[in-house]
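According to Swiss-Prot, the feature ATP binding site maps to GLY19, ALA20, THR21, ALA22, SER23, GLY24, LYS25, THR26. Swiss-Prot lists THR21, ALA22, SER23, GLY24, LYS25, THR26 with the feature substrate binding site, giving sequence analysis as the kind of evidence. The region 'Interaction with substrate tRNA' annotation in Swiss-Prot covers 44-47 and is backed by sequence analysis. According to Swiss-Prot, the feature site 'Interaction with substrate tRNA' maps to SER109, an assignment based on sequence analysis.
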Amino acid sequence: MTDETETPERIPNLLVILGATASGKTRLGVQLAGRLNGEIISADSRQVYCGMDIGTGKDLHEYQGIPYHLIDVAPAGHEFNLFQFQRLFLAAFTDICSRGAFPVLVGGSGMYLDCVLRGYRLTEVPQDPALREELAPLSMDELASRLVRSNPRLHNSTDLTERARLIRAIEIAEYRGEAGDDWPELTPLTIGIRWERAQLRERITKRLKERMEQGMVEEVERLHAMGTSWEQLEFYGLEYRYLARYLKGELSRNDMFQKLNSAIHDFAKKQENWFRKMQTNGIAINWVEGNSDPLAQALELLAKNR
């Protein structure tokens, strides 16, 4: 990861705290929120689920009265998607700002962070039978011209090569034009917390042992007993996948722990790779060192940007 620090040109209206699993990002986010009259918005793809507490590391005791959003917003077994996250983020961001508080986005789910920081335009656009009937007699060139008129900022030229994709692109572009764009203008300050690889591995293994002692096996048993299928638990990955296999008798307890521990280490590497990709794509991440008072480093960054 680069050591370069880039800062926003305008005063931030969103603080983003990101990092790999077990990096201490939640603790840092809560500490900063407490000093900023802030509220936490979670950017974790599994913490949205009710009852999936220990395995997802909600660690709600760390919040110490700081309000939080996008945790426990969907039932276990439900498939929560990126569009739903973005819609709920927008609602939470708007609500927090309207009350004069400061939004602090905290998480490690790269796609969720990316969709906020890069402003993905995700819209649930219904099919428009009348529009499709109108477009049906048009040639490919005529359809392409209409799409460019509807979306002058078109960047994805692949939409121009297949008729069905072209019609759908027009449908989306014209729907958005009528509905307007309610995405806020964000000026984020993004802070990442990182550790040396060996230190992070040690933290991951230590935390996994603690979660096992806290009742993570029983949590998965309870979720299954309440109707979350083994297949759904498998879908949620990592802790839920390997504990489900253990509970089904496919793995011994020792094998389950070793395989899960290894999988979490691999996941942390993938997160770090995603953050590098975010930087390559132009997102400025200001890194603080986890083993050297990350709060003081983050406060120094905030002082320079407020």
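Positions of Cβ are set from backbone N, Cα and C atoms, glycine also.
Here the features listed in Swiss-Prot are placed on the structure.
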residue : record                                 : DSSP (3 states)
GLY19   : ATP binding site                       : strand
GLY24   : ATP binding site                       : coil
SER109  : site 'Interaction with substrate tRNA' : coil
Long-range Cβ list for ALA22 (ATP binding site), cut-off under 8 Å, min separation 6+ in sequence, same chain only, gives LEU200, ARG203, ILE204, ARG207, ILE264, ALA268
Could you check the binding-site residues GLY19, GLY24 and say which one's CB has the fewest neighbouring CB atoms inside 10 Å? GLY24
Near SER23 (ATP binding site), which residues of its own chain have a C-beta under 8 A away, given they sit six or more steps off in sequence? GLY108, ILE193, ARG194, TRP195, LEU200, ARG203, GLY290
Whole-number Å distance separating the Cα atoms of THR26 (ATP binding site) and SER109 (site 'Interaction with substrate tRNA') is 13
Rounded to the nearest Å - Cα separation of GLY19 (ATP binding site) and SER109 (site 'Interaction with substrate tRNA'): 9
Anything within 10 Å of SER109 (site 'Interaction with substrate tRNA')? Look among the binding-site residues ALA20, GLY24, LYS25, comparing CA atoms, and list what you find. ALA20
Taking DSSP states H, G and I as helix and E and B as strand, how many residues of the region 'Interaction with substrate tRNA' (44-47) are helix, strand and coil? 0 helix, 0 strand, 4 coil
Those same-chain residues, other than THR21, ALA22, SER23, GLY24, LYS25, THR26, found with Cβ within 8 Å of the centroid of the substrate-site Cβ atoms are GLY19, ALA20, ARG27, GLY57, GLY108, ILE193, ARG203
In sequence order, which residues at least six apart in the same chain have a CB under 8 Å from the CB of LYS25 (ATP binding site)? ILE17, LEU18, GLY19, VAL106, GLY107, GLY108, ILE193
For THR26, SER109, listed as recorded positions, tell me which one has the smallest number of other Cβ atoms within 10 Å. SER109
For the recorded ATP site, whose residues are GLY19, ALA20, THR21, ALA22, SER23, GLY24, LYS25, THR26, find every other residue on that chain with a C-beta no more than 8 angstroms from the centre of their C-beta atoms, and list them by sequence position. GLY108, ILE193, GLY290
